[in-house]
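TrEMBL has this to say about the protein:
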DOMAIN    9-133  domain 'Peptidase C39'
TRANSMEM  163-187  transmembrane segment
DOMAIN    164-445  domain 'ABC transmembrane type-1'
TRANSMEM  199-220  transmembrane segment
TRANSMEM  273-295  transmembrane segment
TRANSMEM  301-320  transmembrane segment
TRANSMEM  391-410  transmembrane segment
DOMAIN    478-715  domain 'ABC transporter'
């Protein structure tokens, strides 16, 4: 019976896409998990069954969700299937049921691997929901997953000459080491019996000089290896960092920071494999051949004894290969989960202290620490088993070599020098074999790391990285035509929304929390793409405008202010290529009402800010963020609750300054707010409710209509 090949889920919410990847591979097509995440629109809440259905359809599989009353109803279906369960932490989880035999369910769990559950145990975790899967006519067995070997090949190609030189140096160093064994043979068999004092001194001095040269070459090799390691680190990190920066916004919105950061840590595993393991594979393979020849010249029988033990070394290594790889992946996943949790805990320290939840957070952190430690112990246990087994084999082999060799010396079939030389040379034969075997864990770790990085690098970048930069001028109007949008495959956020924004207008979008106001701002800045409908500027769909040129015309300020750990000056000049003079910077700060507090600081514009502007008040940070956007001098200014942390007097001053920009410079402003007092004088006010525009017009007209806007106005006036 054909088996489902296990794939470990990389990130916490990857169980659904990983199950689909395993079933696709079962039918003959390898698809990357991150690609399936994109198709299923997986987010920080995970993947729902509708998302899996849509993703399966794209790759040529038919997924049908069913809800049944008992396990017996599943016994007649075509396996494998996906089942929805609740895991031991109480979270939604997807697993594969490979088959049901003798009242036992054979499970493939993307988080744990393969195991068997009785029907009674499975009933306790199963939600009675399953997904039946079959191939469609358009299913192609052509692999669409990026190969992580390409990453290895590219890095090796870029550092080809360094690796060749290091290989030659390593080979030379090993060959020099063999001279010691040869010297031992001649010392025992010829020099001492013949009392060749002159030859002894001359040969001893020569060996010392050669080993001195060997030491110098070893130092050079260490330095070259260090530089190669750092070069590979830099190449990998730059490639990953560059690609991630150009990925669409939803990549960051649907993943935890720790999961993204963990892949930076993975580069060290790839570097170790490329800088050390590559040399091991090349040099030690050659040394095994050279060592075998030299051992044969001493004694063919003893070489045969040595060779007999090699299969046992190999069997020991390959027996532990799969569990080692599985726990390697688990450690990477636990590490990412722990990193995300620690970042979350440190960033949310005020909330934790406000609710006196330090102990709760500590216990949750300890639980995640324990998970990581538990898997590290299991990983280390397999490594220690292999090391102990290899040590036992070497001791037994050494005893047998001396035993058999001693008998040959007694019989006169072998000289004592040859036996001593053979015993010394055995190191240069066995150690390369052992290193080749021991390189397995390093290679397994690097393969997992390379696969994790490659699959992110394989994701499609935003258009800005793909299209040439062009200039674009906003002339007349922005038109949103019948747009529909939803996050993932969840509830519809915007439903058939249409609105028009004329150049030089101040347009407001208001509504209750969760009505879809912020989503319109994100769509206008092209952080997301609409599901249906279109957004046009001067009758040109915004998707036809190069994204860099488009965003040069857009200034977007949100209530979630982010400031870098740098000076106020550099934060203000961020994204302007530092080509703004002080007068422009001061004017932008004046318009945002930030100049008065900046001038009171000891170092004024050279004041260092903490990460996120944590050494400023919320209102000060918002004013700096607004000044940064105004310094960019955009044609369209989108303020999404951008003054939520300001007092009414400061807010009023800023809004008057923005009105002047509209009146005298022809700027266009889109104000997204729940505070109606800030948008009272807008040219047009659009009112959103449950993702739909329920009315629009000027303030006075909307008040007269006494509908949704009027109700909001009355509530805020109470």
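Cβ coordinates are placed from backbone N, Cα and C, and glycine is handled just like the others.
Unlike curated records, TrEMBL annotations are generated automatically.
DSSP assignment over the domain 'Peptidase C39' (9-133) gives 41 helix, 45 strand, 39 coil. By the count of Cβ pairs under 8 Å, the stretch nearest in packing to the transmembrane segment (301-320) among 199-220, 273-295, 391-410 is 391-410.
For the transmembrane segment (391-410), the list of distant contacts is 299, 301-302, 305-306, 309, 312-313, 316, 416, 419, 422-423, 426, 430, 434: same-chain residues at least six beyond its ends, Cβ to Cβ under 8 Å.
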